[in-house]
Amino acid sequence: MAAQDAAVDSVRDREIGVEQDHLDQVYRRLEEKIHEAEFLMNDAAQRGQVGTPGALAERDAQVFRAGVHLNRLNNEFEDFLFGRIDLLHGKDGKKGPDGAFTSVEPADDAVREDLTADIGETLHIGRIGVLDSDYAPLVIDWRAPAAAPFYRSTPKDPGRVVRRRVIRSKGRQVLGVEDDLMRPELTAHLDGDRLAVIGDGALMAALGQARSHTMRDIVSSIQAEQDLVIRAPAASVTEVAGGPGTGKTAVALHRAAYLLYQDRRRYAGGILIVSPTPLLVSYTEGVLPSLGEEGQVAIRALGSLVDGAEATTYDEPGVARVKGSSRMLKVLRNAARGALESPGAPRAEEAGQLSFGDPEEEPPQAVRTDLLRVVAFGARLELEAGDLQRVRNTVLSGTAPVNLLRPRARKLLLDALWAKSNGRARYTDPELAAELRSTFDDDVSDEDSFLAFLDAWWPELTPRGVLAEMADEKRLARWARRVLNPREVRQVARSLRREELSVHDVALLDELQLLLGTPARPRKKREYDPLDALTGLEELMPQREETQWERAERLAAERTEYAHVIVDEAQDLTPMQWRMVGRRGRTATWTIVGDAAQSSWTDPAEAAAARDEALGSRPRRKFELTVNYRNPAEIAELAAKVLALAAPGMRSPRAVRSTGVVPRFVAVRDDLESSVREEAGRLLEQVEGTVGVVVAMNRRAQARRWLAGLGERVVALGSLEAKGLEYDATVVVSPAEIAEESPAGLRVLYVALTRATQQLTVVSGKRDAPDGNGVPALLRD
Ligand SMILES: Nc1ncnc2c1ncn2[C@@H]1O[C@H](COP(=O)(O)OP(=O)(O)OP(=O)(O)O)[C@@H](O)[C@H]1O
């Protein structure tokens, strides 16, 4: 036995040695490429000394390209090289742009009658492609077509692949290899030696690893059904459904990297990934940089999609339900127009009957808006409340955004004043009359009193300002007439009086932005940039174009529309959020991943209708992921009981592994705190990685206090914040409380129960009616 083990070890060492040699060669080549990039940078800098404008622009572009290149190469990639496939000879002898043979099918004579075969091609797969100096591929980028068989090949449908190998390395050292044989029936030879096969279970090893607070990429173990989604053509809409832990988030991130690789020019327009919470954003943020992609992808939480907003608080379920519903559209339309009547500055009647025009007597903000008085051609002209209302109604009868109607309002005011001035009667000659009118307009619109009036009577409205107006219950009741009931009006108004924006307020802000419009402003002069001094370009070309850097920066800052939009946890978007997200991808292609069974939105049918509207008539391709890579079978089985209640008829994904550790149940009489603390402490001792404690939303703050001092590996989460996250172990506190939080509570509980990769403890209170074993009513058979 010992001799056999030793033999296996020596084969393993030999195979590791083979991969180590290859990795050394790759790093030598990478160093050469870094030198090349540095040379390019230096060369470009030299050119700066002799500067015709053309040469300077070229230099700028070259510095930019070389900089990007260097940056990617210098990036310390963990396991830079992670895979290898050994392939039979292919059907034809054609090579693709990555230097590999393109054929997917083996040549007719690739396998001899006695089931022996020779390996015709060996490809190494890594995070980026590297060619040697003869353009032979040392490493194939994982996203290249030639790498697809690494993910797709199965013993049932092996194509040309004989052996698929996962290589584990750290820095520059190969630590291990794991092989899968795709054609176990063959005796294959590579350069005359029999092909060795080492170990199995690369995927299982990855799944069993301790979790940290950041997600890892899965490039070395993407599964075939996931690969189909990642490489699906970008056309129109790709919809992916799958239960908890099936890799939807992971697949969405890898798809972003794939799309960029495949068509960088097209996606220079940016890829937006919409994520439900800031916690999930920070959990996933590291994955794209680890795949060598940064910059062109923006991952934003739903509460941060509008510039300047960073909402993290949640409304109570009842309020969220109103704010998320498309009923709000009508309310917002009324508010956007109605807010003109009640601008933030005190209105005339509130400010008292102040006379108009004498700066001594009156603070500048107390301009009356129910009377316009000007002097023109030596006479005093007035428009009174009734006249003004008529003008306003005429202007507002159109559908254009309110702020953009201001020039029209100004014009109609002048018309009304002109009508009062009798100016038209003075001349019958049309040319003279027109000239007089133009002088009249110029005179009046230069008058301070006219300008001050216009500012007060038709102020530029901001989304935030209008939302603040909606906090006034009486006003909101007017705007929401026949749309919201009095209770809803009271609740929404009250929620808007809070200082912080809620996640649902952000979609309202975005809608208001559209309803109000942004008036054109004079272009701001560019600020002084120290980089200009460095490059010396500013002095040489005073009228210069912006550099590529500046352009990239400007586009990123200005970007509100993207070339591809990926929506994670799509089941949770409210109708108002779909409208907000839809506006960011009007001409985009889309990838939408989600699981209806995990939806925390109360009315999925309404949300589905809003989603259809956002996506329009674009054709959709649907995919389904069926394997749960996160939860062991023991946890998945328990969660399935809640699924049966939350979404009857929906199937659970198949759990891919089992740990033998069943969930633990603890019943508590009165003191939740000490039990939760104790259970969290117990789990911290049993697992190496993170522990999540999930409680009902209204216990969030409390739960944080309970866990104080237990260290960074443990976190307290409100049920809605647990979306998409995972931990080595979780404590779910009072399933009944979570389930009763909202009409979607059972689905939220299903989310909470599916967060652990190893262990789950359920702590029940009185409300849970636990049985003698501590199992709460909701989780019994
Ligand atoms: N092919 C794979 N190889 C290794 N790990 C994988 C693979 N696919 C998924 N995983 C792991 O499984 C876990 C679940 O993945 P992910 O969070 O993407 O699932 P999800 O479908 O988004 O789940 P949920 O709907 O519950 O949010 C992650 O730890 C992920 O790294």
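Cβ coordinates come from backbone N, Cα and C, glycine included.
Over in TrEMBL, the protein carries these features:
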- Gly242, Gly243, Pro244, Gly245, Thr246, Gly247, Lys248, Thr249: ATP binding site (BINDING)
- 221-632: domain 'UvrD-like helicase ATP-binding' (DOMAIN)
- 340-364: region 'Disordered' (REGION)
Average model confidence [pLDDT] within the domain 'UvrD-like helicase ATP-binding' (221-632): 83
Of Gly242, Gly243, Pro244, Gly247 (the binding-site residues), the residue whose Cβ has the fewest other Cβ atoms within 10 Å: Gly242
Remaining residues near the recorded ATP site, that is with C-beta within 8 Å of the centroid of the site residues Gly242, Gly243, Pro244, Gly245, Thr246, Gly247, Lys248, Thr249: Asp595, Leu625, Asn628, Tyr629, Arg630, Pro653
Sequence-distant neighbours of Lys248 (ATP binding site) in its chain (C-beta under 8 A, six or more apart): Val240, Gly242, Asp568, Val593, Gly594, Asp595, Leu625
Gly245 (ATP binding site) CB neighbourhood, other CB atoms within 10 A: 27
Count of other CB atoms lying within 10 Å of the CB belonging to Thr249 (ATP binding site): 24
